[in-house]
């Protein structure tokens, strides 16, 4: 675990960034930049590349082929070819797609593994207390260490598992290569997080393996082979299918991660052209390994594993030496993180974000929306509404109706205002705020990069989603402004300018909260969340009104189309263009509403708009001018 911490910390500390914004990292970078040993870095990259091809490509493919052959009775090259196609799809999306696929497959694999482990072995395992007692007795018997005790072979197996993870994950630089692309202000923070993977791999998994082997008395290699053969014989059992299926999922994730590691090595050695050659070579290698297995059987598996393990040990030597020599730098980064970041706050924040990542956010938000729309008895509802209004200091005098007249919590959340409660700035070239909200960000769209928070950004293409390809060039290098609506705010959304509604795009997504912790902690938060984007053609240029969903937002609704319903049980992306009908909307006219608070983002076409003097975190009401358009580009009917 300490080695993993040092490796991941150094990977971020010494990574480089290309002109396209891509991070390049791995042991070769900190060997070259910290130790000033270019020759050693190049030597490691070369051996590491060979190791990736064998241990990271051929070996996982052989194991996947072997499992599908023995456990699922699938022979031939069908699975290897299918896995190669899946791999191409994953890696073409870069490390981001590798991360997304891993985020989906790994939890499923873990669930299948532990479920299969429990149901397969629950009746055959010795008591864990007895297992621990035997382990400690064996550990403190000198005679057993010399002459060979009953746990010797199991310990060898466990140590081999531990050495495997040390040599491949840390020694070969896979952990450093993947950790190095993480966006973080503190290298040591990612170093600490990466230690959890080593704990899971080297402690939990190894312990479970030894526990099973000890319970079945499979201490010698021959006994372990018999044990595995017995497991394969029960392949028709759903439990066996789940257990071995978990290894198939882990195999897909593993190969994709290794591929990215090898690509980093290839880029370091000879640049992009050699990286393209490596991509082809990797696919050829894994298919060739599978073909040799089909022709020669299990023998090729052991031979290739032996070759890969030997290469792993050779490549690990310079890395492990470098980690020892550079340990002081990692220690300094850890001290800086603890001193500057408010480590306790960071830990609590990360725990909060971890919880957000696993809870069923969409289902909870749907249930919240149903609950908010439920008509409670008046004697319960009125005190709840009054307490809510007091807690959030809501000006109920502006509401269209008295608080006693609302028949549900949602009706009060989405309340209209009295006539004249807001004054709409009337100059034609002025754009107004579409909501009562706090301004949390505004400025230029730099190429296609938009600032989410300090040190955190996201891409315009991601924000507009699949329905935005038609408009992405219009907003590249344009302007943006982000409004955050709190629970105390008026929840209706109004048109920021007079114009024609061109259409809309609905993007189903997550429903993360959009509070400050989430905005600073989740990169690309707004593109991850559910969005309903309205495209508006004004006389001065195009404007996109992006309504971002969030946790506890029951629905997003719009006034110009009552067919679209967000946050439903069955959600699919939807693109609508109004070609046969002209839908005009006045500045300040109601455009839609949130059923609970969230975020609105405005995008303005490039070279059409300039902001007034605004203040970050300023509270603003709808109808207030936020900036001015330039020259008119077209004439619209009034």
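Just so it is clear, glycine is given a Cβ too, placed from its N, Cα and C backbone atoms.
Automated prediction, rather than curation, is the source of TrEMBL annotations.
The transmembrane segment feature in TrEMBL is assigned to 39-62 (among others).
Here TrEMBL flags 74-95 (among others) as transmembrane segment.
Per TrEMBL, the feature transmembrane segment maps to 102-120 (among others).
Residues or ranges marked as transmembrane segment by TrEMBL: 140-166 (among others).
Positions annotated as transmembrane segment by TrEMBL: 192-219 (among others).
Residues 26, 48-49, 52-53, 55-57, 60-61, 63-64, 67-68, 71-72, 83, 86-87, 90-91, 95, 98, 101-102, 105-106, 108-113, 115-117, 119-120, 172-174, 177-178, 231, 278-279, 282, 286 of the same chain lie 6 or more positions beyond the ends of the transmembrane segment (239-262) yet place their CB under 8 Å from a CB of it. What TrEMBL records for 239-262 (among others) is transmembrane segment.
The transmembrane segment annotation in TrEMBL covers 274-294 (among others). Panel annotation: around the transmembrane segment (274-294), residues 49, 52-54, 57-62, 65-66, 75-77, 79-81, 83-84, 87-88, 91, 255, 259, 262-263, 265-267, 300-301, 304 of the same chain, lying at least six beyond its termini, place a Cβ under 8 Å from a Cβ of the stretch.
Residues annotated as transmembrane segment in TrEMBL: 300-326 (among others).
Here TrEMBL flags 351-374 (among others) as transmembrane segment.
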Listed stretch, out of 74-95, 102-120, 300-326, that has the most CB pairs under 8 angstroms to the transmembrane segment (39-62): 300-326
